[in-house]
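Participant: According to TrEMBL, the protein carries these features:
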type	residues	note
ACT_SITE	B:ASP53	active site, nucleophile
BINDING	B:TYR114	substrate binding site
DOMAIN	B:9-107	domain 'Pseudouridine synthase I TruA alpha/beta'
DOMAIN	B:147-249	domain 'Pseudouridine synthase I TruA alpha/beta'
2 protein chains.
Amino acid sequence: MARWAVRIEYDGRPFVGWQRQITGLSVQQVLEEAASRLAAGRIVTSITAGRTDAGVHATGQVAHLDFPAETRLTASSVRDALNFHMKPHPVAVLQAVPVDTEWNARFSANRRSYRYRIVNRRGRLALDEGRVWLVKRTLDADAMALAAGHLLGRHDFTSFRASACQAKSPLRTLDRLTVTRLGEDIVIEAEARSFLHHQVRNMVGTLKLVGERTWSPERVGEALRACDRRAAGPTAPPDGLYLTGVGYDPDPFNTESLPS
Amino acid sequence: MARWAVRIEYDGRPFVGWQRQITGLSVQQVLEEAASRLAAGRIVTSITAGRTDAGVHATGQVAHLDFPAETRLTASSVRDALNFHMKPHPVAVLQAVPVDTEWNARFSANRRSYRYRIVNRRGRLALDEGRVWLVKRTLDADAMALAAGHLLGRHDFTSFRASACQAKSPLRTLDRLTVTRLGEDIVIEAEARSFLHHQVRNMVGTLKLVGERTWSPERVGEALRACDRRAAGPTAPPDGLYLTGVGYDPDPFNTESLPS
């Protein structure tokens, strides 16, 4: 067996999410079917660092693929052939590197980075429909940034966890949560070793309540301490969410200079 | 007659360009037909600051619309009603303001700003297909920035002018042409009172030759002085081009605080 790590970009709009489902096309299915074409039709399975939901995008998703040992592969042939076979689906392999079979895209990962994009204006979206969250009420990004500070560190994030979340523990360490406004664009960056299901979208949906002055920044800390999903705000839509990067130590993708 | 100025965003992909053509749907047609719905079906005509080509996008296009005098309009009703009637086309009015009939979106404009986006990587595009120019050969953005300096100022831009260009004079004053790399993204910003037809795309297509080291930066200055379209590089694709803003003095859009 030959294991390959791939760094992937995708537009989440046409997919039911990362994971295979009988209800529709998934990113996983597109990737695995393309990989199978490289392996003379034999089944190739993948494991991913982050199983993104329907409508969620990625600029730096990572997965590994297990090819039959006899498949002849090079870094550029894996990248280019996967890209060829994934057409016309909006999924692209940015980089492919061989890894040993101890390495695992999910379990070797020690960092996940997400970006959430809000466009704060009255006019509807023409360029970024499905790619950002359009919020028409004026948001106070400074208040949102202040509120975000209450969520940093190691906490029980039950209040921000989807009921369907399968993680054993609700404890997570949030290392970064910044809110930045540039004109009508508000960008929220979140970073942690791992996140609970819907955690980023639930944090964003709660910060939005602060931004529109429905909530005080302090109330976000109270919602966290309540350890009750009903204490926090609603789930922000998937449209604005991007998995931007996955961290490994050492980073298998560092072996090539960019652009490769 | 009541004249209104509108600031517009659009995704250029599905259109034949700004201007009405019998070959397909234009941004102008979408806007004017929506405006006509606000005027009880009477014809409303528009004049724009920049007649963008097929596939070219805008984040800050400006046009004016002439409504029959008796139409009852407010800034928010014009914006929201136009947005409603333009659905599902990817055209959005960001702001609408009443202007007097001396004011003209085209002739009152004293500044046009364009952005050109290149993604410089081997992997194909998933998120930004049709929205950026994918260049697979590694580009030296510093060399491109150096070359751009040769084009600044007042010159005869015949070498960068489309043969179909209808401007009376090839003289233009280029006030800004910057090239910036951020990771795999290269952004070129251009600013002038006005541009010749295809001027930005022809400058970008030429700078790309410098970036890939096919040309020296100095050769761009020589191409300019040749005053011959054949001396410069090819036309960059429309995909990466955005009209980002149009300047007026005074700016009619400054009357509202943002987001309005």
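Keep in mind that glycine also has a Cβ here, set from the backbone N, Cα and C atoms.
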Participant: Tell me the residue counts in helix, strand and coil for the domain 'Pseudouridine synthase I TruA alpha/beta' (B:9-107), as DSSP assigns them.
Facilitator: 24 helix, 30 strand, 45 coil
Participant: What are the DSSP helix/strand/coil residue counts across the domain 'Pseudouridine synthase I TruA alpha/beta' (B:147-249)?
Facilitator: 37 helix, 31 strand, 35 coil
Participant: Might you list, by sequence position, any residue in that chain lying six or more from B:TYR114 (substrate binding site) with a Cβ less than 8 Å away from its Cβ?
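Facilitator: B:TYR114 (substrate binding site) has long-range Cβ partners B:GLU189, B:ALA190, B:GLU191, B:PHE195, B:VAL200, B:LEU241, B:TYR242, B:LEU243, B:THR244.
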Participant: Average the per-residue pLDDT over the domain 'Pseudouridine synthase I TruA alpha/beta' (B:147-249) and send me the rounded value.
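Facilitator: Across the domain 'Pseudouridine synthase I TruA alpha/beta' (B:147-249), the average pLDDT comes out at 97.
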Participant: Have a look around B:ASP53 (active site, nucleophile) and count the other CB atoms within 10 A of its CB, chains all included.
Facilitator: 19
Participant: Translate the DSSP assignment of B:TYR114 (substrate binding site) into the three-state scheme.
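Facilitator: SS state of B:TYR114 (substrate binding site) = strand.
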